C-alpha cells in the first residue's frame, strides 16, 4: 500500500500495539459486564462511554492539557459523517459483544477488513498490494468457514456484527480523511463525535426502555461493587479506545487500524473459548478460526515490513551529478 506521508516506524508500531492492547481489554471488560454480570443494556453502556469521553476531554481542555477548536457553526460541516458512524459503530459493537461468543465475534469482525480495503481504494485512492490482498483473503476465507459451522448462531447478533463491520470500515477511512485535513485534530474528532451524538443516544435509550432497565438493575442487589468497577472501567476504556483508534489511524492506514494486532486476535480468540463460557466447539469452525488468525499474522508482517522498507529509500535530487548517485549503507 502506498502513502504520501509516513510516520516513523516506532510511532506506527507503538500506536498499533497500544490500540491492540486496549481493544483486547475493552472486549473482555464489556463481555464480562454484559454476559457474566448480566448488565441489562448495552445501549446504556455506550452512553456511559460517550459521557466519559466528553467529560475527560472537557476538563483536559479546561486545564490546558489538550487543545482542540471550540464549538462553532463550522464544526458540524468539518466532522460529518463521523458522529453518526461512531454512534452506530459503538452500539452495534456492544450489541454484538453481548450476543456472540468471543471467538466468533473476533472472527466475524474481520469482514470489516475487506470493506475497509474497498473504501480506502474509492475514497482515499489507496491501492492494496498483492501480498496484502492474499492475507486479507485468508482472513475472510477463514471467517466464512467459521461462520458456516458456528453452532451458536444468533441471527440478531450476526446482524449487529455486519452493521458494526460497515461502520468500522467507514469510520476508519473517514477518520483518516479528517485527520489528514487537520481541521479538528485527534482530540477534536473524539470530543465532537461524542458530543453531537449524546442527545440522540439518550433518546434511543429512553425510547427502548433500556434506561429504566439499567436504572432498576443499578438500584438492585445485583449491582455489586464488582459490577460498578466493571461498568466504570468500561466507560474509561471507551475513551482510551477512541484515543488509541485515532492515534493508530493517524500514524498508519485505516486498513492497518482495522487489521491491527494478530496478538489481539490470538489472545481474544483462544482465551475467549474458555473465559466467556458461550463458545461451542466444532472442528470445522475451529479450523476456520485458525485460518483467519494466520491471515491476521501474515497481514501484520507484510504491512510493517513493506512500510519499513519503503521509508528507507528516498529519491536523490535530479540536479546532482551522476557520480554521486551511489548506494547508501
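Heads up, the Cβ atoms here are built off N, Cα and C, so glycines get one too.
Taken straight from Swiss-Prot:
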TRANSMEM  15-34  transmembrane segment
TRANSMEM  41-63  transmembrane segment
TRANSMEM  86-108  transmembrane segment
TRANSMEM  129-151  transmembrane segment
TRANSMEM  155-174  transmembrane segment
TRANSMEM  187-209  transmembrane segment
TRANSMEM  224-246  transmembrane segment
TRANSMEM  253-275  transmembrane segment
TRANSMEM  280-302  transmembrane segment
Outside the transmembrane segment (224-246), six or more residues from its ends: residues with CB under 8 Å to it: 15, 18-19, 22-23, 25-26, 29-30, 32-33, 37, 39, 45-46, 48-53, 56-57, 90, 172, 175, 179, 186, 189-190, 193-194, 257
Same-chain residue ranges lying at least 6 outside the transmembrane segment (41-63) that approach it to Cβ under 8 Å: 30, 33-34, 87, 90-91, 94-95, 97-98, 187, 190-191, 193-195, 197-198, 201-202, 204-205, 208, 210-211, 213-214, 217, 231, 234-239, 242
